[in-house]
Ligand SMILES: Nc1ncnc2c1ncn2[C@@H]1O[C@H](COP(=O)(O)OP(=O)(O)OP(=O)(O)O)[C@@H](O)[C@H]1O
């Protein structure tokens, strides 16, 4: 295994800086940008470039054949949403190495699905989980351990153990939320088997902090950076990223849906799967897959119960 000290231009001191900034492993380094590395680790951009190039060599990141891509795709895991219909809609549950976004109006079930996934990711693979742990980035103070207790009980899982495997990070503003991703990298590098990262909700802080048209460009730039580092975690560590998002009214819409997801094209492009949640009659919810690289559009009906998400 290549150590940081084996890289060109990396002495003891630089290695320490790199470790402190969360770049302890080759893959993390190989997928960094020189700018990012130089800012976070406080090293010159020239050195950063060299270090990244060496890490890429060490990790053999170059062209890969379609065969390699397929092999990597075989590692993709799925996490059950709890309802069979919902799982079928997205070909077996939410995917690792991808970003899945759900959006919908208040009370449509976004946070409920987040809580469900925080538990189901811990199930064994045969039961729809990944035997893994979860990071829950909570931006609106919606995380409720009591809800986890109920869902864990429904799956007959030991509640205390389940709670121990959910790492809750309260993000106080968008800058804090962005920084949190570095912490997730550190957590994974320290050996925690994180297989799912939930951000509930992705846009709340961005939306509140950047008001007015003039700040939109900056907001989108920050958001892009945030999504990029989430995608990097997904790819580097074979993790599923699950984002919840709000909607805004489209008063000028005559056709189609009167609401749309916020976050603009930046988010639209970053999400591999986009699911629109709607409230139906008698407490039912409708999930509509609106964007996916290889699955057809479709819909399913599910229900939120005290035991969690069911058909
Ligand atoms: N223990 C429970 N048993 C049954 N249904 C529940 C339970 N807890 C919450 N719900 C249902 O979930 C709904 C709330 O869903 P959720 O909190 O996921 O909404 P959301 O889409 O995240 O909304 P917001 O944008 O306001 O955060 C409630 O309206 C309620 O119908």
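Any Cβ shown, glycine's included, is placed from N, Cα and C.
The ATP binding site annotation in TrEMBL covers 104, 105, 106, 107, 108, 109, 110, 111. In the three-state DSSP assignment, the secondary structure recorded for residue 106 (ATP binding site) is coil. Within 10 Å of the Cβ of residue 106 (ATP binding site) there are 9 other Cβ atoms, across all protein chains.
For 75-247, the entry in TrEMBL reads domain 'RecA family profile 1'.
Here the domain 'RecA family profile 2' (252-311) returns a mean pLDDT of 86 for the predicted model. Per TrEMBL, the feature domain 'RecA family profile 2' maps to 252-311.
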Radius 10 Å, atoms counted are CB only; among the binding-site residues 107, 109, which position scores highest? 109
Tell me which binding-site residues (105, 106, 109, 110, 111) have a Cβ under 6 A from ligand 1; sequence order is fine. 106, 109, 110, 111
Given a separation of at least six residues and a C-beta threshold under 8 Å, show me what packs close to residue 111 (ATP binding site) in the same chain. 142, 200, 244
Residues flanking the ATP site, with Cβ no more than 8 Å from the Cβ centroid of 104, 105, 106, 107, 108, 109, 110, 111 and excluding those residues themselves: 112, 277, 279
